[in-house]
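As written in TrEMBL, here are the features:
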ACT_SITE  B:ASP9  active site
ACT_SITE  B:GLU70  active site
ACT_SITE  B:ASP143  active site
BINDING   B:ASP9, B:ASP143  Mg(2+) 1 binding site
BINDING   B:GLU70  Mg(2+) 2 binding site
Number of protein chains: 2
Amino acid sequence: MTLRVLGVDPGLTRCGYGVLDAGIGRSASLVDVGVVRSRHEDTLDIRLLEIARGLEAKLEEHAPDVVAIERVFAQNNTSTVMGTAQVSGVAVLLAAQRGIRVAIHTPSEVKAAVTGSGRADKKQIQTMLVKLLGLDAPPSPADAADALAIALTQIWRGPGPVRLDAGGKARTSAQAVWAEAERSARRARDTSSSRF
Amino acid sequence: MTLRVLGVDPGLTRCGYGVLDAGIGRSASLVDVGVVRSRHEDTLDIRLLEIARGLEAKLEEHAPDVVAIERVFAQNNTSTVMGTAQVSGVAVLLAAQRGIRVAIHTPSEVKAAVTGSGRADKKQIQTMLVKLLGLDAPPSPADAADALAIALTQIWRGPGPVRLDAGGKARTSAQAVWAEAERSARRARDTSSSRF
């Protein structure tokens, strides 16, 4: 059975998503990649609803086992950071509402996983994704590429995703046990349903 | 027909809510007030789901005409600001999914509306809420009181809620005037606060 990961690079104007299936060894195959957009001239409620609907459509379409999301830091104090955080909250909620596991990765973790350097630029990430996923062209825009990089990071970090709360605290052993039970239940359910 | 407002003071550990019905003149009557909690030891997905379920229950129970939410600022760079922003995104989404209007108010706007001073402390807000709503005791905890204050601000600002996008860009010229006033207030506040 294949592990399917949906990576999310949260953003209010462009929210990147990338879906990968884990292959043998460290390989992974591209399932879907793109961005969900909202219009800058719309109000926040309309924008969050647009992004949520786009992400919900992808969750329904691809039924991922894990949703991996890039962590947003407050110290990235740009004018967009609050919108980005709000979208990340929405993405986490949509996964949680469907009983899909959520994993959070920091940007430097993702860069290090994909390029070997925690300070890689977007061009480097795109170049490595072409090689690692055997693509014809770099995924574009950068938000879509970032979402794929997050999904790839999740696959490489193994079956037990690192799940952190907002304060960066790792989950407790009780939660680990619960998560393992949930995984087993999902596997049983997935096996019984007609998946390829 | 009475205008009913549900105010939300977003927070991951305690998310305050307060429901008010607008009365004649500037009066308002208390319908419900409290907090939705999540446990610090749970992971972010579980916590956001708990908060969302609590808020959804209140939206269903009270069917408000408007949801008024306190704006979160990135410069309040505490360890909890990202969780607060994520909860605010969730609250906005839940209202938008139900076609309920969303209004965003800044903390200083709320303080000014309720106490006459944009720099009022929590005690002052609680004292004024007792007087203005004819309560027997101050609403507690402070998150619940803040949510009531946000709802009251919304009622007093009239039927047309001020709706801003995450970038803080105003939509109409009337809102532009208000936004300029807000900017001035913020400049005053930023100058007075010690930045680190």
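The backbone N, Cα and C atoms fix where each Cβ goes, and this holds for glycine too.
Computed from a predicted structure; not experimentally measured.
Taken residue by residue with DSSP, B:GLU70 (active site) is part of a strand. Secondary structure at B:ASP143 (active site), as computed by DSSP, is helix. A gap of 6 Å separates the Cα atoms of B:ASP9 (active site) and B:GLU70 (active site). Set side by side, the active-site residues B:ASP9, B:GLU70, B:ASP143 differ in how many other CB atoms lie within 10 angstroms of their CB, and the most is found at B:ASP9.
Under the three-state DSSP scheme, B:ASP9 (active site) falls in the strand class.
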